[in-house]
Amino acid sequence: MQVSRRKFFKICAGGMAGTSAAMLGFAPANVLAAPREYKLLRAFESRNTCTYCAVSCGMLLYSTGKPYNSLSSHTGTNTRSKLFHIEGDPDHPVSRGALCPKGAGSLDYVNSESRSLYPQYRAPGSDKWERISWKDAIKRIARLMKDDRDANFVEKDSNGKTVNRWATTGIMTASAMSNEAALLTQKWIRMLGMVPVCNQANTUHGPTVASLAPSFGRGAMTNNWVDIKNANLIIVQGGNPAEAHPVGFRWAIEAKKNGAKIIVIDPRFNRTASVADLHAPIRSGSDITFLMGVIRYLLETNQIQHEYVKHYTNASFLIDEGFKFEDGLFVGYNEEKRNYDKSKWNYQFDENGHAKRDMTLQHPRCVINILKEHVSRYTPEMVERITGVKQKLFLQICEEIGKTSVPNKTMTHLYALGFTEHSIGTQNIRSMAIIQLLLGNMGMPGGGINALRGHSNVQGTTDMGLLPMSLPGYMRLPNDKDTSYDQYINAITPKDIVPNQVNYYRHTSKFFVSMMKTFYGDNATKENGWGFDFLPKADRLYDPITHVKLMNEGKLHGWILQGFNVLNSLPNKNKTLSGMSKLKYLVVMDPLQTESSEFWRNFGESNNVNPAEIQTEVFRLPTTCFAEEEGSIVNSGRWTQWHWKGCDQPGEALPDVDILSMLREEMHELYKKEGGQGIESFEAMTWNYAQPHSPSAVELAKELNGYALEDLYDPNGNLMYKKGQLLNGFAHLRDDGTTTSGNWLYVGQWTEKGNQTANRDNSDPSGLGCTIGWGFAWPANRRVLYSRASLDINGNPWDKNRQLIKWNGKNWNWFDIADYGTQPPGSDTGPFIMSAEGVGRLFAVDKIANGPMPEHYEPVESPIDTNPFHPNVVTDPTLRIYKEDREFIGSNKEYPFVATTYRLTEHFHSWTAQSALNIIAQPQQFVEIGEKLAAEKGIQKGDMVKITSRRGYIKAVAVVTKRLKDLEIDGRVVHHIGLPIHWNMKALNGKGNRGFSTNTLTPSWGEAITQTPEYKTFLVNIEKVGEA
């Protein structure tokens, strides 16, 4: 290598490195030929959490200089730090340095060509964007919002009751934003009185809360990712974690190395099935039949954990004599209203109001006996007839499940959207909840029901109540039937029905008042019911399907999309597109230039619209992404983990909290100048931050935790907290106005000792994956929920090798923080402390709107013409299907094939379509069909095919595969078609291919309780339209 001295210094730009090397006597050629400096040596390193799924893998971020934030100095006044490298964090106890293809490609997302860099405006009827300033954008949006609010705000309803609601502008909130941004968003929407509010959680895991909370007391994953390694048997039904959560699935593989078996029950032979011991191909939409068949098997063969069932479930409780189930209907059905009177779905009570029990389990009205009768119809023959799973294979799986009924073996269940996105999603999960209670697997390491969350903070944003009928901490938003604070609290606080139980929700008033003091400060007083009238009172359920309906009817005028790409996410894309075209204004807050922000643009066949006909004003506001902000997010296992800002945001992008705060500030000025509607409730909301236009994550995290507003003393007169100190635990909350907490579940996450969510002690003295020094897990840093159930009533472990808690004379804390009080061994206080009964519910009484026990109902679009169990009641009789959507129900004669949607490991919805590495890995839209169906339709691998449902069509490349088998269902052959969900009408410049939104095909009806859309089971046809 020959380089002159002059050229050498020119290359080095006269830099110190070159001159110093030369002065030391090195020849220019030798210096240039020397190994280059390690690229990370001078980088700024920060720790973060992956922004995709809720495995929440740890990341190390490296940037060119220290990013600016309010707590530290910037690298320089004229420079910005830029992210240039991401790798896995080897210290993280779940991911241990690993990243999946999505996480590995996240650098391309942060630095994507499709990042939104400055505010843009699309005028009504226009076909182009105009760049505008932040000042102009905020002023115009605030004006539109105030005008709509003033014209449509309802302070009092027709009965004269204060409701303070605004129902003509809605918001779809982000599930990847931090807890801190979520809390501020919650305050912002309640300040405005906005009631059309929802979150991505509703379109995915809505049924999780609706099923797990009535079953056990809380609606969250019961164990955690690492704990999966402790299982003897892993049932994967309703998910494909090897594909969708590959780094988390490593712990299932670890269990397999330890001798565990994996069984997959899924329509496809998927990635998880490829490492399983057994795979049962099942018809999509028939899971309840399979699982109720398992329950029948366990009860008939007596393979249940008897002591656990007797003491820790409601098996012994006597059910009302009026309860019955006949011909597909539970007692109390109202055909006109399509709902149930649930008064007979309850216990028998004695003269003291306590539930009656028969501990011998002999009484015919015992829950266990009613359950036996209910499942008696689910024979192996009926299981095969409805699900397509052969009897021999079904019984083999039942046998493996039954083996875990002994105290020293556990089974865990892993599920995700394959369970939830059905019209019977809640009851899918309930079926497995019953099984796990019968087997004694709840509360056990290696047991539980593990809901695998799909978005990085969908758990946290759900906890923060960003749902139609929610407040933080799973308290219900008041509705127009709630007349006062006292009436409301009485309605939502469960009564004691079994003596000596914890029934921790008895403290709901403390959670609510502390939240209201966080929201309204000195404006919330005992005299005004702690500001109860300030809160909006909902008049209906505003789920996403309803948002779209109201837009199409001209009743929803404005829509704010906060990191939610609705055009690609909501069902029946054409209906969503039609509704968006009728909006007066649309505000899109997103790091990326999403399809939703350009719904008005003609992209040809996949989005064939005329911009001139669309009069919606559209604002595209650039926001920061995960790498450009600090805060906390919550993984599937309820671990709250802090992440630090890794680089500066590009262009003029701003954090969500800044944008919301600026809009509030501008609207506040307009109200001061002009007056208007709902001013009192608007101004009552506190916004006491150091910089009101830009609240910091630290301020918000502390506000979320909560403070003492006065000196607090214990019952013995000892000082617990001085005024202004942060609280240590939710047991110290009070309902007298002396404490605050934005969310009672998170008290203890930031104390006077500091930020507990930033803890990074990954030691595991238990050997069971219980790293309580890492982050903070709600509630109270407990890592396994219902853990008292892992011991018998005398405190002896069911399995001494799986023991995380034990009695120490004062409490049950040991390797884990016990999910229990301080009652000693032998106490009759049950382990399910959030349940009024103190036990897990095999029979859900009146807690679930469509039945106290699961029952098989056909999908709305079914490949068979009947329900073999009860032909007069084919589908769930409580389903809500809007009149206009009934016209779009497809028949199996026109659309004979069952379609189901799913993810690929290389992509995350349509998000990664803006990430070059992920596009290169999976560039082209395809569909999967089985070999027999392909032969019938004359389709070969690589052919272009058209898939059509009653809602529309898409085109994609055919992948002919052995992974999909035809099934015999009720005497006919049923084929499945697999539809990956990741493509859309846009494509990153020069990379990948444009495609169609899979949601062009999906139906606009949802699960009966949460309205989560039925993405997983609907009918389509397929035809060849082009050669390979």
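Even glycines carry a Cβ here, placed using N, Cα and C.
Going by Swiss-Prot, these are the annotated features:
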- 1-33: signal peptide (SIGNAL)
- 43-114: domain '4Fe-4S Mo/W bis-MGD-type' (DOMAIN)
- CYS50, CYS53, CYS57, CYS100: [4Fe-4S] cluster binding site (BINDING)
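Locations of recorded Swiss-Prot features on the structure.
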| residue | record | Cβ neighbours (10 Å) |
| --- | --- | --- |
| CYS50 | [4Fe-4S] cluster binding site | 28 |
| CYS53 | [4Fe-4S] cluster binding site | 27 |
| CYS57 | [4Fe-4S] cluster binding site | 30 |
| CYS100 | [4Fe-4S] cluster binding site | 24 |
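In terms of DSSP helix, strand and coil, the domain '4Fe-4S Mo/W bis-MGD-type' (43-114) has 9 helix, 20 strand, 43 coil.
In sequence order, TYR52, VAL55, SER56, SER95, LEU99, LYS102, GLY103, HIS245, PRO246, VAL247, GLY248, SER456 are the same-chain residues whose CB sits within 8 A of the CB centroid of CYS50, CYS53, CYS57, CYS100, the residues recorded for [4Fe-4S] cluster being left out. Summarising model confidence by region, the domain '4Fe-4S Mo/W bis-MGD-type' (43-114) averages a pLDDT of 88.
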